[in-house]
Structures are given as C-alpha cells and as structure tokens.
Amino acid sequence: MAAVGSPGSLESAPRIMRLVAECSRSRARAGELRLPHGTVATPVFMPVGTQATMKGITAEQLDSLGCRICLGNTYHLGLRPGPELIQKAHGLHGFMNWPHNLLTDSGGFQMVSLISLSEVTEEGVRFRSPYDGEETLLSPERSVEIQNALGSDIIMQLDDVVSSTVTGPRVEEAMHRSVRWLDRCIAAHKRQDKQNLFAIIQGGLNADLRTTCLKEMTKRDVPGFAIGGLSGGESKEQFWKMVALSTSMLPKDKPRYLMGVGYATDLVVCVALGCDMFDCVYPTRTARFGSALVPTGNLQLKKQQYAKDFSPINPECPCATCQTHSRAFLHTLLHSDNTAALHHLTVHNIAYQLQLLSAARSSILEQRFPDFVRNFMRTMYGDHSLCPAWAIEALASVGITLT
C-alpha cells in the first residue's frame, strides 16, 4: 500500500520553537520551546522515565538540576497504572507532581524492544502485556487517546518501528505505514490547543526512503519532528549521515528531536548537525553499573583505584553528589548492598548531560560553538588524532575541523 499523499486534518500547528541564535559555521542552533508548562531552552537533553518516575532520582531533584522537560512511556503507562487512573490525578503532571514539561512517546518503540510480544498490522500493534499476558491493540488512535489522557505537553505519533539493522521491503513498508499512521494520529488528536503532536521520520538507513518520508511528513503542519529509527546498532557512519540528511530537509522553524541518543560525543556532533532535542536511558542505566560521566569519559567507581580517592567525581560539577560525596565514599557504597550509590550517580549523570547541552547552547549564543566542540573533543580524547573518524567526518561536513 502506498503512502497517503494528502496531509491530515490538523489545524494550523502552533509555532512552539523560537530560534534565538545559529552557529555561523555549522547547523547548530539555540532556541526556546514555548510549551504549556514553561519555556525549554534548546539544545536540551531529556531524561527518560518509564512508569511516571525516573529510576534513582526524585522529581524534586530533577527540578533542582534545572530539568524542564522529561519523558514518560505511553506503552507502560497505558498498561499500568492505566490512563484512566492518571486522568483522575489531573494528568501525568499531577500524578508525578511534576511542574514542568513532559513528552510521552507513542509506545511504538516496544515494537522493537518487545518484538516477541508484538505483532504489527495496518490496524496497529498487537501486544501481549508483559505484566499479565493479556493481549491489547495499540492503534494510532489508541496511542493518541492515551497520550491525550496523560496530558503531556508533547505527544508522539505511533510509528511503525523496525530495527535500524533491518534491510529490505520491511523498511519501506514501515516508512509508508508511518506516514499513514501520522494522518490517523492527526485525525484522532483531540487536544491540539494543549498538546503538541510530533511526527517521526522513518526510512531506516536508506537515504531514498528517508528522503521520501521527509518529503511526505513535512507536508503535514505538525508542531515538531523527530528523527526515528536510528541508534539501534547501525554503524556510526551510517548514523550521522541519516541524521545529517534529516536535518537538511526538516523545516528550520520547528524543533528537531533525535530519539534515543545519549552518549556525550553523539550529543555534541548531532547538535552540530542541527538537532535540538535528545533523550536516552544511558545516564541512568550506566549509573546502575557504577559508572560516572565526566568530561574525559567514564569513571568506573567500583575499581580499586578509587577506594582511597577523596576527590569528588568532578570538582567542577555543581550537583549535590559532587558537592557532598567523594569517589572513595561512592566506591564503598557500590561494594555494599546499599542502593544509595546508584541514586547519587544518577543525580550526577543527569546533571552532566544537562550541563553539557547547556554549555553547548551558551557557546552557540556567543558564536564560539566550533571552539566548544574542539575543546570538548580535546578533553574527551586527548590528541585530535584519537577522536573517532566518524565524528571528525561528521563535523567536517558542517564546517568544523578539529585542527
């Protein structure tokens, strides 16, 4: 079945993105998202929560770190506790006691992560609940209905998600279906004045398919666009080229959300390529393995070398963990049954991600972004010859050289 050629019935979408500054050399941009629960400065990293909470950090702590937007998962929230209960709590904001913005995903990612539990048809995605085994259909209409009930500030279309390493007819089928499902999501969206529906660009690693998807989806006047179908095992060279292709064709006056990207180098490179929003479980997941994010990479605090190290994780980090605890203390906690270390590391790792993109934003505003990139790479890798070849190539494609 071919992609639907006529845009959906969405009324003129609100312009939620205000561009504040652009890098004179690369595609990097600094902006503001004007959302129902406040303004969000971009570029921005968005921490990920599954069931109305972040693992290892409270909403109050996220607030204190300066986080102004985070994610919730429609698939999990739709199953447990369910949208009806959350609606009674005045939406997800009230349920979480979160005063700032929320973005909910569509539930489509579980088509990849829970593939053994799902079946995809034109109707939607049929899941078997991992909680009770009950079968449920997540259609584009139901995904939007759940997200309308949750009351998030940004909602995502249901897309047909395939792993980035899949090739062949399934990728084309998924791309065309994602366009058709976008129109169904637009038609089902009942709260256009309060919630901003983003389209998700698909097409895998095939430039022609991704170009077709970009041309089709940008005909729809939605408030923003996500770049989907990446960060799933493809090579970094394939990854950056698809990101660059996407940002080259997306409208400049709308936000660009690169899904599932969280490694520091990836964030900096993709800001240079023109992306505004990022999310990933990486900072919280890596904390649970005793790993702390620092400008030079990661500290594996379980290692014996930190047993008598009384310095903070990062002396320049203002987070509560670095202001209060030493590496030696965290090392000791990690070797006990105490879960406090995971909490302290999560606070620090999220702070690191937020600070990194805040620093990138400041450099864009001050027209020194290329220098920011060079300093970041020098600190992370030492000599520029040790930087990943893909990153050097990607940065060069937008006019930033490291020498």
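Glycine too: its Cβ is placed from the backbone N, Cα and C atoms.
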Range annotated as region 'RNA binding' - as stated in Swiss-Prot, picked from 204-210, 260-266, 344-350: 260-266
Region 'RNA binding' range according to Swiss-Prot, out of 24-28, 164-168, 284-288, 324-328: 284-288
Given Swiss-Prot lists Asp105, Ser106, Gly107, Gly108, Phe109, Asp159, Gly229 for queuine, the same-site residue among Gln192, Gln195, Gln202: Gln202
Other CB atoms, at most 10 A from the CB of His348 (Zn(2+) binding site): 26
Environment of Cys317, Cys319, Cys322, His348, the listed Zn(2+) site - residues of the same chain whose CB lies within 8 A of the CB centroid: Pro312, Ile313, Asn314, Pro318, Ala320, Thr321, Gln323, Val347, Ala351, Tyr352
Spatially closest candidate among Asp105, Cys317, Cys319, the listed recorded positions, to Asp279 (active site, nucleophile) (Cα to Cα): Asp105
Which same-chain residues, if any, lie at least 6 apart from Cys319 (Zn(2+) binding site) yet have Cβ under 8 Å of it: Leu65, Val347, His348, Ala351, Tyr352
Integer Cα-Cα distance in angstrom, Ser139 (phosphoserine) to Cys322 (Zn(2+) binding site): 45
In three-state DSSP terms, the structure that His348 (Zn(2+) binding site) belongs to: helix
Under 8 Å by Cβ from Asp105 (active site, proton acceptor), same chain, sequence gap 6 or more: Leu71, Gly72, Asn73, Thr74, Tyr75, Met156
